[in-house]
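Novice: Below you will find the structure I want to go over with you.
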Amino acid sequence: MMSSNEEIQSSILFQRITHPINERSKLTEEQLNKYETWKIQPGMAQIKLEFIDFDHEVRLSIEHLNEKDKKLIIETNNNETNDSIEPKKKKFKGQNRKHLEINARSSSSNINDHQLCFFVVRGGLENCPYQSNCKHSHDLTSYLSRRPFDLDSYCYMFDVYGKCSYGILCRFGQSHIDSITGHNKNILHLNQNYIESLNKYPPLLKHLLRRKKYDYKLSDHIIKIANKQITKVNIAKRNNPINDDENKINEKQHDNNNDIGEKDDRSLVDIYYSALQIDNNQNQNKPSENEHLQTELDANDGEQQQQRQSSRPVPFRTLGVITDVDMIRLKPREKIRIDFNRRLYLAPLTTAGNLPFRRICKEYGCEITCGEMAMTTSLLQGQMSEFALLRRHPSETIFGIQLCGSFVDTMTRTVQLLEENFDYDFIDLNCACPIDLVYKKGAGCALTRRTIDFERICRSVSCLSTHPITIKLRTGIMTGENNAHDIISLAKSWKTEYDENHVIDLFTLHGRSKEMRYSKSADWNYIDKCAKLSNPIPLYGVGDIYSFEDYYQRLNETNVSGCMIARGALIKPWLFTEIKEQRTWDISANERFDMLKRYTNYGLEHWGSDQAGVDKTRRFLLEWISFLYRYIPVGLLERLPHRLNERPPYFFGRNDLETLMSSKLCSDWVKLTELLLGKVSSDFQFLPKHKANAYG
């Protein structure tokens, strides 16, 4: 979204060169010595002499900081003027978990406090069930008189699809809003039909979760059996079979005393069907209360309808023609298989790895995508913000959902919930999250230390799911105390004579420990060791893939089945194109700016074109730019390939737009968003959520 003035500004930036290129003959001896020192300094990116900014002043813009942080900057500067006082390193807000509270203090979000009825906005006032008793306003004329000026006359949704569902609330609505009546215009018979994203939160599911009425009998039965079978005693017997005769006697006693009657090493496939039979028998004579509830919810929610998903845990009885689905039962171990060999896999990325970003990566050639990490407890509580992480765009051909939890009950219940209501291709269990808040709850990295709970989770989830199960790991908790090989060996052993396939279908291993975070290079020697150990289960390596040379070097020199790309994709999403075409792309600033335009359009399509949607799009765009600015244009480098953790000296680009996009100042990032989404309010505040140790 750009107005004509903003387009002119961006084109001027692209054509203008404010900083002249350095000439060696005009540089001082001190500047040349600095340049030679930087060339041999380890960890320093080698920039061409012509583009180094020797006169750059280290500064911190306080334009978009809050008042408390502005005072902190002033105090720090005053202390630095006194040589006797050593300045302390200050930590600004936005670098901790209160980041969202700080960024939400902008008053621009209050513009969306319209109090208009939902049916008035969508143009169906007669459909409002409350009419005169509605607590929301039905007065369009009053809202038109105080409606804020549009950010631009071009509405992406209306121009592409012929319809904007936000109507009078759209901040780009001049082209589709009647200025007199406020009614929304639609253009029919366009060549391109609007395709909605998948995995919307069904109203019926929301109702059942919030009232704790969702039926978990199937998963609860599996959890009960898994808790009885997977214990310290049974695992010790399985690992150290000393006396076969004693084991047989113990098995007979166990069968006689156990009300379910499973043996200790019985396949969970049979357990699944025993649980399914119990569940079906209990539900045969149960009245269908949900059908009446669904009808009522559909009437109240207007156009919102519950999505009918094709993925089901088991076949179900239907009326009509008998199909293969009715006759051939898809067993849990006969899963939908995915060929994971040498696929371009975009890692699940918190905050920045949202749906618009994944669409950008798909356009550049990414093959496998995965949603952001979703907490199982939040999903079971019915939190809308957590279900938003499950959204999937139709262009995502292979899409996974990443779950993070600490106990078998929450994880198994969540998988049943997903199987029965959502569309996805695989489930990724997060055992790699290094965040202390997650780790202290026993989830993420901590789960690899709780092997009994870990086995219960993996076996129960794999038993219940008809989709592949993958696990994301780190090398270990502490540096030098690697335990990923033990976890891989354990997971590889989960196979019985009744169950020919492995419980886990793919491992992804990040070559750093929890303690390291991103401060050192990934240990690919250890990744190679684990890849040999995991065979025949495929293993993907993660860490420091930033060029096609890095990708093919790791692929050819190790035994991994592929490489997962994380920070490299955040900094240069066109890395997937470079890998496919095996070339280094000297992408221009104009092409990168066009990429930001597409992201903005996708963001407005996903989050909405009203004021709240514009604010969300701007903030997620700023979060992404906090990684994008780290990219060093290929034409400015003396040596290729550039490594991910190499830091450049201060430099300027080949035009002003390239210089602006390489700026480390948050105020310059806001300027970029203003070229796309209009001006921000005077009290707008933003600091990036991510602060990587490897690149401050």
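Heads up, the Cβ atoms here are built off N, Cα and C, so glycines get one too.
Please treat TrEMBL annotations as automatic predictions, because they have not gone through curation.
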Novice: With TrEMBL as the source, which of 154-179, 622-647 is set down as zinc finger?
Specialist: 154-179
Novice: Select from 111-141, 390-420, 452-482, 483-513 the stretch of residues annotated by TrEMBL as zinc finger.
Specialist: 111-141
Novice: Per DSSP, how many helix, strand and coil residues does the zinc finger (154-179) have?
Specialist: 12 helix, 1 strand, 13 coil
